[in-house]
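Report on one structure; see the data block that follows.
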C-alpha cells in the first residue's frame, strides 16, 4: 500500500518542486491554479468521463475484459484513485508532456511519456501480492501508450491538468468494474482505438490552427 501511494504522489511532488525551482513566480502560480481550477465547460467533463468509460468498456466487446463488479463501485473508488494514480498527471501531463513538446511533436512526446509511465510502474511487478504480479507487462505498456494518446487529446483540448487527473482516476476505477484479462492483442486493439481518436483530433486541431492564422492575416 505504501509503495502504491508513493508511486501515485511522487511524480506530482517532484514536478511541483521542479516547477517552483525553475519557473518564474507567475508561471508557478499559473501551474498550481491549473491543477486546482474546476471551472471548465460541462462538455469537457462529459467528454473526459465518456472517453474513460469507453476505453475501459470497449475490450468487453472482443473478450479483452469482463464486467465483474457493479458500475457504482467506480464511483466509490474514484476519490481513492485520485491519490492512487490520478495525481501522477501533475507530473506526466502537467510538466513532462509540455516540456517534451517544446522539442518534439505531440506524437513523439506522447510515446516518450507513455514509455516512462509504464517503466515507472515496473517495480510493482516485484511486489508480492500486488495486482501487477498477475499482469502481462507488455499488455500494461501498450495500455499505458493507449491512455497516453487519449490524455494528450484531453490536455491539448482543455489545457487542464485537473481533467487529466480525473481521467486517470476514472480509468483506475472503471478497471475494477470492467476487469481486463491483460491479453496483449486486446491492449493492441485499445491502442489502435486511441491512435484513431488522436489522429482525428490532431487533424481537426491542425486545420483550426491554420484557419486561425488565415483569419489573423486578414484582420
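Every residue gets a Cβ built from N, Cα and C, even glycine.
Because TrEMBL annotations are produced automatically, they should be read as predictions rather than curated entries.
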Checklist entry - TrEMBL tags one of 137-154, 155-172 as transmembrane segment - which one? => result 137-154
Next on the checklist: Can you tell me which parts of the same chain pack against the transmembrane segment (184-204), counting only residues 6+ beyond its ends and a CB-CB cutoff under 8 A?
Outcome noted: 51, 55, 58-59, 62-65, 106-107, 110, 136, 138-140, 142-143, 145-147, 149-150, 152-153, 156-157
